[in-house]
Amino acid sequence: MAAAWQDVVRDAAAVREAAAVAVDAALLAGGLMRTGEQPNASDVVNFAPFTLLPSAVPQALFEQAYAVQQDFNLLVDAVSQNKEFLEQTLASTIKADDFTARLFRIYMQVLEEGLAQTVFLGINRSDYMFDCGLDGTAALRQIEINTIAASFGGLTSRTADVHRLVLKVLGKTEEASRLLPNSPAKGLALGIAKAWELYGSQKAVVMFLVEEVQRNIFDQRCVENELWNRNIRVVRKRFRDVFEQGSLDASRRLYVDGQEVAVVYYREGYMPHIYNQQSWEARLLLERSRAVKCPDIATQLAGTKKVQQELSRLGTLEKLLPGQPEAIARIRATFAGLYSLDEGEEGDRIAATAIADPNRFVLKPQREGGGNNLYGEELREVLEKIKDSPERTSYILMDKIKPQPAPNYLLRAHSPLQVSECISELGIFGVYVRQGQKLVLNRAAGHLLRTKAIEHADGGVAAGVAVLDTPYLV
Ligand code: ADP
Ligand code: MG
């Protein structure tokens, strides 16, 4: 992709002035994060990291990503309701990966008991990179779809205003007027409110299930405040609170600290290390309840890397979305090469190919939250070690996407102002609500652009690698 701001990137004085304006504008707009030193205090905060300049994104690919989001919502929802598919797809994984196995056990347990939940709410974010072909044209390639705790739908809405101002300071008023408004938090809140309404109890609350360490609280507050604007009560609880204060009544209504809970919105629960015996018990209690879980455990499983890999297998989408060839074509057009490492000839062959040419691939375990994937020499070493062991099946392989870098400045607290070669990842938020078998809401709810320096292979904003950005459509 052509760098959009060649002239300003080289003008050190203009960049310094714009950066000072940008940081203050971000603070004023509420683009905030708690600090690493005091991650649970709101009296010392700083700006959430962001790019000085909006990054160029090809308009056609941006539109393609929006156009396929409702299809991805349907697909995730279909996978979450397909026990046979989940069982078959995850059969090898749960033998090798204890975390997925524990989630799967809860899934089976709640199915055996019979679901009390009748309203379903999905909030996901489908992430893409722009793969640069040999002829220089870029293609939209899905990195993954996040079906639990997809974040930054709140803070990202602040970034476009900041970039609009920065471009004006740099004398680019016309370009500033072209930045799109974007407000995923409103869309997420709309979905949560719809689920709350269908649950049908005026006095019930929406419970945000939050982490022990809550650095990214302001992002969540954006969604919370949208709910309060609709006169819906919001409470924030941790797994530990649910363990201590949670219970079900005879019809499996969920009560936490005396309040009935209509919707449980997980912003926690996707990393193995946060689970102890108490949190597993709390998780089971929530899943057994009538409350609308966002996501329910089936939908969390639908977001595993193993499911993503199996979806790319020829014929799978046709089984999951029968009679919807157009949706299938739109979905498949975004897939990168994905490969199973299950035991057997297919897995042996691709493992050998990746060992011979590791820079073509990314090796992914069943984990979320950044920093878990393996690249290059490390990929080769690990794969060499596990290639003949059952551990291999806890991973999948994916083609490595190679976007065209562009120069930008990554603004971070306590960091020097310096130009970096950067690549971006576009996320589209999806929201849907289903009551029984009837889909009552299905839409794209906004976008998130995250940008990082090319020297980092992995990691998002919360991991301290990527920063918030705004697409500048070209
Ligand atoms: P996580 O669930 O940990 O977020 P992802 O699959 O999103 O896992 O990978 C984390 C990061 O690694 C992505 O944000 C992206 O920067 C990088 N990444 C993942 N897959 C690829 C790929 N196929 N090609 C290039 N980079 C990738
Ligand atoms: Mg990711």
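Cβ coordinates are placed from backbone N, Cα and C, and glycine is handled just like the others.
A TrEMBL annotation is a machine prediction, not a hand-curated record.
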Query - Further binder of Mg(2+) named by TrEMBL next to E144, N146, taken from the candidates E346, E368, E377 - result: E368
**Report entry** Spatial neighbours of R125 (substrate binding site) among the binding-site residues E144, N146, K400 [C-alpha, 10 Å]
**Finding:** E144, N146
Report summary line: The answer for which binding-site residues (E144, A149, P365, E368, G371, K452) have a CB under 6 A from ligand 2 is E144
Report summary line: In all the protein chains shown, the tally of other Cβ atoms within 10 Å of the Cβ of N146 (Mg(2+) binding site) is 22
**Report entry** In sequence order, those binding-site residues of E144, N146, E268, P365, Y375, V461 whose CB lies under 6 Å from ligand 1
**Finding:** E144
Query raised in the report: Whole-number Å distance between the CA of E268 (substrate binding site) and the CA of Y375 (ATP binding site)?
Result: 27
Report summary line: Rounded Cα distance, in Å, between Q220 (substrate binding site) and Y375 (ATP binding site) is 32
Report summary line: In chain order, residues whose C-beta lies under 8 angstroms from the C-beta of E368 (ATP binding site), counting only those at least six residues away in the same chain, are N146, I148, A149, Y270, M271, G303
Query raised in the report: Within 10 Å of V461 (substrate binding site), Cα to Cα, which of the binding-site residues E144, P365, G371, Y375, K400, K452 are there?
Result: K452
